[in-house]
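S.K.: Pasting a structure below so you can have a look.
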């Protein structure tokens, strides 16, 4: 992938950009094999990759510069701003949105937040695109609601320029810290969720729900999990740390009883909407802490699927699963180091199958799917 920003030394986010994709995959596979070296692995599946550029469905832009000439991108460690509108990880459809947002920021009088001076209002622009219909969700992250009336007044101009903006919100983040969003979300459109579709499964994206940033690879990850589950004798399963329900909704059948657990209520609202559309009555989603939910249960299903954040599932859940011993565990991880640590805490299980998914090209990061079977 060619990147003018990297070549000019202005952005170093894609640290592996000079390596061809096959070399990147080899290095990631070697890293994963090294982390799992202590465990016998029955089957190593071929790694899955997607496009090497234009694959991201989301942009998180720090807003800097002046209200007349805003910059959308990032701040270097020394506070110097960098405009990243030309980043080749973004699809071509993002360029006209960035181009319209710059004059809009001036029209609405949204003064960019100055980190050094702790002044200004507009902190971030968050943009997400649906692959299914090209609809977009735009979020303005503001320090306060001071400019809200001005933004509302100027909004019709932006909506006229960009009819693809289906969901528009303001998020209030009052704290002087590098935190992407606050708790308060104010909807400026009637529509509150973005419709997405992977492998004929309807998914919904709401402002404060996590969603994978590489749809081409994420859809293959979900389809693979579905294939693995279909090969197992399973009538009942849990989907822990389920997010908007991507795994559970793919794995569910009219015959499988499935419970999805996720702490974020916004994500659970998305999952419930999808389940209703699919007409799956034996599928239920609840907004709870996954570890607390599981460890309070007196019995476990045949299969527990976990998709934890980077920190892994942790010792309390590992201990519970070791004691209760479900026949199968499918572990989806964005941090193979913590996954390996967790597997070490599950000595009663062997690794049946492992597959690497290159969700984050040009970086050392990757996603991995592992099937564990009770010995």
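In case you wondered, yes, glycine gets a Cβ from its N, Cα and C as well.
So Swiss-Prot lists these for the protein:
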| type | residues | note |
| --- | --- | --- |
| BINDING | 3, 11, 14, 87 | [4Fe-4S] cluster binding site |
| BINDING | 212, 241, 262, 307 | S-adenosyl-L-methionine binding site |
| ACT_SITE | 334 | active site, nucleophile |
S.K.: Setting 212, 241, 262, 307 aside, what same-chain residues sit with their Cβ within 8 Å of the center of the Cβ atoms that define the S-adenosyl-L-methionine site, listed in sequence order?
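M.R.: Neighbours within 8 Å of the Cβ centroid, excluding 212, 241, 262, 307: 210, 242, 243, 244, 246, 247, 267, 308, 332.
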S.K.: Cβ within 8 angstroms of the Cβ centroid of 3, 11, 14, 87: which residues besides those meet this for the [4Fe-4S] cluster site?
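M.R.: Checked against the 8 Å cutoff, the neighbours are 5, 6, 13, 17, 84, 88, 89, 362.
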S.K.: What is the separation, in Å, between the Cα atoms of residue 87 ([4Fe-4S] cluster binding site) and residue 241 (S-adenosyl-L-methionine binding site)?
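M.R.: So the alpha carbons of residue 87 ([4Fe-4S] cluster binding site) and residue 241 (S-adenosyl-L-methionine binding site) sit roughly 31 Å from each other.
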S.K.: Let me make sure I understand the structure: which of the binding-site residues listed (212, 307) has the fewest other Cβ atoms within 10 A of its Cβ?
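M.R.: Fewest other Cβ atoms within 10 Å, among the binding-site residues 212, 307, is found for 212.
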S.K.: Which one is it, among the recorded positions 241, 307, 334, that lies nearest to residue 3 ([4Fe-4S] cluster binding site) by Cα separation?
M.R.: 334
S.K.: On a C-alpha basis, identify the one among 241, 262, 334 that is nearest to residue 11 ([4Fe-4S] cluster binding site); the candidates are the recorded positions.
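M.R.: Closest recorded candidate to residue 11 ([4Fe-4S] cluster binding site) by Cα: 334.
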S.K.: What number of additional C-beta atoms lies within 10 angstroms of the C-beta atom of the residue listed as 'active site, nucleophile'?
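M.R.: Here the count is 19.
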S.K.: Most Cβ neighbours within 10 Å: which of the binding-site residues 3, 11, 14, 87 is it?
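M.R.: Counting every other Cβ within 10 Å of each candidate, the maximum falls on 87.
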S.K.: For residue 334 (active site, nucleophile), which of these binding-site residues sit within 10 Å, Cα to Cα: 14, 241, 262?
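M.R.: None, since no candidate lies within 10 Å.
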S.K.: Far apart in sequence but close in space: which same-chain residues, 6 or more away, have a Cβ under 8 Å from residue 241 (S-adenosyl-L-methionine binding site)?
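M.R.: Listed in sequence order: 261, 262, 290, 306, 307, 308, 309, 313.
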